[in-house]
Every structure is written in structure tokens, then in C-alpha cells.
Amino acid sequence: MPSDIEIARAATLKPIAQVAEKLGIPDEALHNYGKHIAKIDHDFIASLEGKPEGKLVLVTAISPTPAGEGKTTTTVGLGDALNRIGKRAVMCLREPSLGPCFGMKGGAAGGGKAQVVPMEQINLHFTGDFHAITSAHSLAAALIDNHIYWANELNIDVRRIHWRRVVDMNDRALRAINQSLGGVANGFPREDGFDITVASEVMAVFCLAKNLADLEERLGRIVIAETRDRKPVTLADVKATGAMTVLLKDALQPNLVQTLEGNPALIHGGPFANIAHGCNSVIATRTGLRLADYTVTEAGFGADLGAEKFIDIKCRQTGLKPSAVVIVATIRALKMHGGVNKKDLQAENLDALEKGFANLERHVNNVRSFGLPVVVGVNHFFQDTDAEHARLKELCRDRLQVEAITCKHWAEGGAGAEALAQAVVKLAEGEQKPLTFAYETETKITDKIKAIATKLYGAADIQIESKAATKLAGFEKDGYGKLPVCMAKTQYSFSTDPTLMGAPSGHLVSVRDVRLSAGAGFVVVICGEIMTMPGLPKVPAADTIRLDANGQIDGLF
């Protein structure tokens with residue numbers, strides 16, 4: 001089979017206006033970025049307010065492994081399949097970060113015959129949204145230091161500035177820096193550092209805002225520092241929000257592209273799935289729901305992180321509710337959860353599959369605990385055996401009373417996911433239960449953390465280190481105790497130890513630190529080491545990326 005980039009380049013793309021027609025979007029509502037990408041105008045989106053909404057389908061996954069699960073590929077394949085069976089469907093995805101493209105090979109536009117295109121533009125600069133977010137964040141950083149330089153009327157304590165700088169690149173050298181060196185004219189020297197743009201709270205706010213007015217209000221709530229008497233200082237206090245909103249105005253319009261089969265996809269925003277909620281923008285999701293019968297979206301990492309945050313943060317803030325949930329699993333990944341080494345995955349191993357099934361089992365039960373109907377999409381790999389697929393379907397049927405459907409969208413496009421699409425429609429149009437949450441926001445922050453750890457992770461208890469406990473007490477005192485929590489832990493395990501695969505139970509979830517994201521509207525709970533500025537590998541993908549004699553990019557994918 002050809003590579004992803006070869007498949008994408010061989011595709012004949014429709015003019016973006018034709019793709020927009022499928023959703024009833026007129027030409028005048030499009031801001032074109034070439035022939036195959038467009039932004040959807042704010043005014044058109046505002047005109048959709050009050051329209052009935054279609055069905056929302058959430059795609060999540062088991063705990064990820066190096067063997068790969070193919071969640072984005074399944075999201076695209078399912079969207080194509082829904083269109084094939086006569087449903088007007090749109091996919092809502094996150095934008096890829098630029099930095100990782102030059103670190104580890106590969107993008108985030110699906111794979112095989114289930115891709116969104118134009119692939120290279122999507123994975124690189126796209127429409128410049130991340131540049132706008134980087135600029136807005138950088139403007140805030142400049143205004144903070146400028147305020148301190150010119151008399152510091154807010155009495156900001158330079159030892160307690162929480163606002164770091166950002167760049168959309170993997171660069172470990174910028175994790176910790178000294179700034180304002182070189183003399184009095186350059187300001188007050190202090191320690192600082194950079195995060196990657198997707199870790200910025202501006203990105204999280206961007207993806208949770210309902211409109212421009214809500215965006216500006218949320219930006220104003222962001223706490224960027226403390227005064228010398230330990231009072232919070234916000235972006236509104238340093239008068240940054242108006243100019244930041246101006247920089248983000250055009251970026252807040254969702255981006256329209258297409259799949260290889262010419263179906264519409266909205267790709268907008270891309271917050272970290274760890275220290276943020278890991279979902280595409282609310283504006284894109286709402287737009288999709290008001291224009292299509294089915295909107296298929298995904299949440300970052302496994303269901304313990306992505307789906308939980310989608311429900312407890314995004315759905316709680318917006319009133320959204322999925323009508324069906326697809327949990328993506330692979331035979332390969334389940335065998336890894338059952339103890340098989342990656343190099344041995346090609347050999348049939350029913351015992352390891354059954355042992356690793358415990359991971360899928362817990363994810364299914366967790367999603368059901370929110371009152372949501374579930375189907376398992378088994379992403380097919382050519383090394384899989386018929387016996388392994390049959391055994392997995394048997395386990396799902398007998399132990400979970402849930403349907404598991406083998407999907408071949410990577411090799412066959414939408415045609416390979418039609419059975420999954422039919423199952424999703426059956427669930428979405430069937431009986432619906434009220435959405436429930438893992439915790440109530442009225443409870444203390446520590447109780448919310450414990451609820452997630454014990455109910456969803458299988459933990460016996462939580463342990464909050466003294467630094468985190470002190471900060472939590474301060475958040476409660478300052479009036480932030482009713483916010484939801486955003487868990488930041490390893491994606492590879494239900495525990496905080498990435499080597500504990502399967503479905504560990506009885507462990508302790510240790511909380512090392514907490515951070516306030518008042519603009520986004522949650523408290524980040526850090527369990528273990530969380531890296532907000534990645535580094536490049538020993539041999540980065542950038543080493544082999546070039547333009548060939550025909551002006552095409554070589555080595556990116």
C-alpha cells in the first residue's frame with residue numbers, strides 16, 4: 001500500500017466551495033485560503049444560533065501504546081462511512097502542532113485512505129491559527145513585563161509571575177531561561193521559560209469560547225501573576241484582553257477542509273490533552289451540529305483522560321451531550337496491555353489478548369458510567385488473525401454486552417467502516433439516558449480529584465503533596481473551588497506509572513502540583529512529570545525534510 005503522503009497527493013480534491021455546499025454554507029460565508037481550505041465567517045456562524053442540532057458522536061480510545069490505535073483515522077473513516085450510508089456528517093478535529101512534525105515523523109491528519117486533506121498544509125502552517133495564538137500569548141507576556149518596567153502600579157511580585165512564553169516548536173533549550181539581562185534599559189531580570197503553543201492557556205480558552213465576546217471575557221479571567229500580598233493578577237488587570245482578541249479575531253473562525261472522499265471536516269484549535277482538555281473548539285463543534293445530521297469528534301489520548309475531560313469540562317460548560325461513543329481498540333495494543341513486547345506483536349496470542357482486554361473493559365465501563373451508549377471500533381491491522389478478532393468480539397459480547405466491530409477504513413476508506421457507522425446510528429437514534437458526571441462542581445477540589453481517581457482510574461486513594469495542598473487552599477480561598485478539574489497524568493496507564501499497563505487497581509494517585517486555568521475554567525491537577533515544552537529526538541525528522549526538484553516536500557511524512 002502507498003504511504004499516507006502518496007495517497008494524499010494522488011487524490012483529486014474538490015474546490016472548497018463544493019465541500020461547503022454539502023453543509024449548506026454559501027460562498028459569501030467563506031474566507032478562502034487557496035482552493036481547498038476556507039474559514040467560515042463569524043456572521044454566518046452567528047446566524048445558525050437557535051437552529052436544531054444533529055447527533056454528536058465522540059471517538060475515544062483505550063490507553064494508548066507504542067503499537068498505535070488510530071483514533072483520528074477512525075474518526076475520519078467513520079465520518080466518511082456515515083456519509084456513505086446517507087447521513088450528512090461532518091468531522092471535527094484538532095489542528096496539529098507544528099513542532100512535533102519536525103521531531104517525530106508523522107502528522108495528525110489520519111492515515112491510509114481515511115485522511116483529511118490537503119495534508120501538508122494542515123500539518124504545517126495551515127491558516128495561521130497557531131501563529132495568532134502564539135502572538136496573542138506573546139503580547140500578554142510583553143505587556144506584563146512592560147507594566148513592571150513602568151512603575152508596576154499593580155504591585156506584581158516578579159517572583160510569582162505564572163505567565164510563561166510560548167513558541168510552536170520543540171525546543172528544550174527554552175524550558176528555563178533568564179530574561180531581561182543586559183542592563184537597566186532591558187527591564188528587571190528574572191527567571192522565565194517557554195512552553196509549546198498548544199500548552200498555552202490562550203489555546204484552551206480559544207477552544208472553549210462560544211464567540212468573540214466570550215473569548216475576551218475568558219482571556220480577562222486568566223490569572224498571570226500574584227501581588228506581593230498574594231492577590232491574583234489577571235490579564236484584564238494589565239489591559240491585555242482587547243488587543244489579544246483583535247489578534248485572535250480571524251483565527252476564531254473554524255477551518256473547513258475535506259476528506260479523501262470529499263466530505264467536510266472542521267479542523268480548529270488544538271489544546272494539549274494533558275494540561276488542557278484536548279478537544280477541538282466549541283465553535284467548530286457547535287457549527288457542525290447545526291449544519292449536519294452527525295458530527296463526529298475525538299478527544300485526546302484514552303477515555304480516562306480525553307473522554308472524561310470532554311464530558312466533565314467541555315460538555316459541562318456547553319451543554320453538549322454525545323449520542324454515541326466509539327472506543328477505538330486494536331488487537332496489537334490489547335496484546336501489549338496483556339504483556340506482549342512490541343517486537344512480538346505479529347504472533348497470534350489469544351491469552352495476552354484476553355489479559356489485555358481488562359484495559360478495554362474498564363474504559364467501556366467508565367464511559368457507560370456517564371450514561372452514554374458505547375460501541376467498540378476495532379481498527380484492523382494486516383497482522384491480525386481472524387481468531388483474535390473473533391475472540392475480542394466474543395469477550396465484548398459476553399463480558400460487556402457491547403458490540404465490537406472490525407473496521408478497515410485505513411485500507412478501504414469509508415467503505416471499510418460502514419458497519420461501524422450503522423452501529424453508531426443505531427445507538428444514537430436509540431434510547432438516551434441523562435448525562436452524568438464523575439463529580440459535582442460544588443464539592444471541594446480534593447474530592448473531585450479523588451472521585452476521578454477512584455471511580456475511573458481504579459485507585460485506592462489520592463495523596464496530595466504539601467506544595468499542591470497549599471496552592472489548593474489558596475484556590476479555594478480566592479473563589480476558584482467550584483471549578484472542574486483537568487487531570488494531567490501519563491496517558492499510558494490508569495495509574496501515574498506509565499509502565500503499569502492493563503487495568504491496575506488499588507494504586508495511589510499522587511498529586512505533585514496544581515495550576516489554575518481560570519480563563520479556561522478548570523484547575524489542572526499534575527500527577528507525575530508533565531512536559532510542557534518537548535525536545536527533539538536524537539535524529540529529528542527535520543534532518544531529512546527538503547524540497548525536491550519539483551518543489552514538493554520530501555521527508556515530512
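Backbone N, Cα and C define each Cβ position, glycine as well.
The annotation ATP binding site is assigned in Swiss-Prot to THR65, PRO66, ALA67, GLY68, GLU69, GLY70, LYS71, THR72 on the grounds of sequence analysis. Neighbour density for GLU69 (ATP binding site): within 10 A of its CB lie 24 other CB atoms from the protein chains shown. Under the three-state DSSP scheme, GLU69 (ATP binding site) falls in the coil class.
The binding-site residues examined here are PRO66, GLY68, GLY70; by Cβ neighbour count within 10 Å, the least packed of them is PRO66. Under a cutoff of 8 A between CB atoms, and with a sequence separation of 6+ in the same chain, the neighbours of THR72 (ATP binding site) are LEU93, ALA108, ALA109, GLY110, GLY111, GLU298. Look at the binding-site residues ALA67, LYS71 and count other Cβ atoms within 10 Å of each Cβ; ALA67 has the fewest.
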